[in-house]
Amino acid sequence: MAPARAGCCPLLLLLLGLWVAQIPVSAKPKDMTSSQWFKTQHVQPSPEACYLAMSNISKYIEWCKDLNTFLHEPFSSVATTCQTPNIACKNGHKNCHQSSGPMSLTMCELTSGKYPNCRYKEKHLNAPYIVARDPPQQGDPGYPLVPVHLDKVV
């Protein structure tokens, strides 16, 4: 009797689950390595206004990203962070590293709009950050380890 009471709901839930699974968790462009995409999304040595900086990201993913943080230092400095002692990431993996001190950052938070007209408020701060790292892939700079994910602003 239980299956009869369930009706179409299990099928609907299955179809909904399959549809949601098609949405990419990481909208990394196919022609970029994880490190190159990290650099595009998060490394900005010279601060830019959020609306301008985020439009560069939106053109790849074709939607308005809810929140993004830019690190105002060269990629080489962020890559050096990958040489600090390992710490646990938010997901429990042990491939994260914290910056040696506070760094200049800009956080861009979506306030309204639909792609391509995304509107953001920006918050400037100095804070340490935590990045996840991996070995470089073909096409990445020649560092022993490269940042691939901004895990947290501390």
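Note that Cβ sites are derived from N, Cα and C of the backbone, with glycine treated the same way.
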Among CYS96, CYS108, CYS118, cysteine joined to CYS64 by disulfide in Swiss-Prot: CYS118
Conformational class of CYS118 (disulfide bond) under the three-state DSSP mapping: coil
THR69 (substrate binding site) CB neighbourhood, other CB atoms within 10 A: 19
Residue from HIS42, CYS89, CYS96, CYS118, HIS149 whose C-alpha is spatially nearest that of ASP66 (substrate binding site), among the recorded positions: CYS118
Nearest recorded site to THR69 (substrate binding site) by CA-CA distance, among recorded positions CYS89, CYS96, CYS118, HIS149: HIS149
